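What TrEMBL records for this protein:
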BINDING   22, 23, 24, 25, 26, 27, 45, 105, 110, 132, 156, 288  NAD(+) binding site
DOMAIN    18-196  domain '3-hydroxyacyl-CoA dehydrogenase NAD binding'
DOMAIN    200-296  domain '3-hydroxyacyl-CoA dehydrogenase C-terminal'
SITE      153  site 'Important for catalytic activity'
Ligand SMILES: NC(=O)c1ccc[n+]([C@@H]2O[C@H](COP(=O)([O-])OP(=O)(O)OC[C@H]3O[C@@H](n4cnc5c(N)ncnc54)[C@H](O)[C@@H]3O)[C@@H](O)[C@H]2O)c1
């Protein structure tokens with residue numbers, strides 16, 4: 001497919017201006033990562049309140065980094081001059097080379113965003129989604145540039161986590177993958193390329209497989225929750241065990257992801273497990289409710305298995 005404006009499709013120098021769509025937990029930090037790497041970044045959200053929160057949050061993180069001597073005050077001031085926030089998607093998209101979409105995880109909404117971007121963004125612009133669950137083939141056909149479409153999937157918190165997965169769909173061109181890879185290196189992250197799409201990608205699939213095995217061992221009476229967590233920490237070098245991690249991220253998050261997956265596949269191994277379902281039905285969702293696999297004091301100190 002012919003695309004105007006980029007002489008060599010894998011020339012990283014052709015990426016100058018980046019649009020981040022969605023200024024929530026992920027989008028705001030992705031925007032700062034890109035601005036710190038020297039890019040001009042336009043950060044869009046439909047909600048003025050989200051933009052305000054993002055501005056405040058990024059400013060205070062930056063001030064903390066400067067106070068601790070981790071960042072230079074002058075350089076950070078220049079970073080924020082390169083970072084523009086706004087609610088007018090059409091105006092912001094008019095002259096960008098790369099879009100990273102990080103709006104809420106809703107397929108119709110994401111498709112609508114990409115269809116609108118198709119109308120206003122330059123023909124050469126690469127379209128990427130940060131979605132954790134929607135693979136390129138679910139979104140790329142909302143545009144007429146499936147060859148320029150991929151997932152660029154950051155991990156939370158995006159300012160800290162090194163890994164960025166790049167997911168190629170069936171129609172993503174090799175040049176787009178190469179360019180995405182070079183871009184990820186340029187912003188100081190470690191690209192991991194998936195040669196073909198698969199729901200959950202790599203890191204979360206492995207994380208989920210470990211979690212499912214931990215729940216299997218517990219439900220079959222092989223060991224207690226804290227023993228399984230201890231084995232993962234002390235034998236495998238994990239920073240925390242799978243049950244501790246579920247309590248931290250929220251037991252409902254994994255539960256709803258599995259429910260949605262099961263609705264799609266009807267494969268019993270995708271269904272939420274008995275013990276997880278019981279916890280969610282009781283409202284014991286982990287640290288945020290004071291009780292999950294473990295119990296927590298008011299100040300968040302773990303008190304032992306629940
Ligand atoms: N949170 C994570 O751990 C994580 C990790 C990796 C990837 N992701 C992916 O990142 C994306 C965003 O997740 P998040 O955790 O930042 O969500 P979030 O809820 O913190 O932020 C989503 C933002 O999207 C905005 N939004 C809603 N509709 C919009 C629209 N039409 N146009 C522009 N913005 C719109 C909301 O106002 C909100 O500010 C999702 O696709 C998710 O799968 C999340």
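Cβ from N, Cα, C; glycine included.
Because TrEMBL annotations are produced automatically, they should be read as predictions rather than curated entries.
Features as recorded by TrEMBL, highlighted on the structure.
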residue : record                                  : Cβ within 10 Å
22      : NAD(+) binding site                     : 28
24      : NAD(+) binding site                     : 15
26      : NAD(+) binding site                     : 22
45      : NAD(+) binding site                     : 24
110     : NAD(+) binding site                     : 22
153     : site 'Important for catalytic activity' : 25
156     : NAD(+) binding site                     : 12
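Per DSSP, the secondary structure of the domain '3-hydroxyacyl-CoA dehydrogenase C-terminal' (200-296) breaks down as 65 helix, 5 strand, 27 coil. Considering only the residues assigned to NAD(+) binding, 22, 23, 24, 25, 26, 27, 45, 105, 110, 132, 156, 288, the longest pairwise Cα distance works out to 29 Å.
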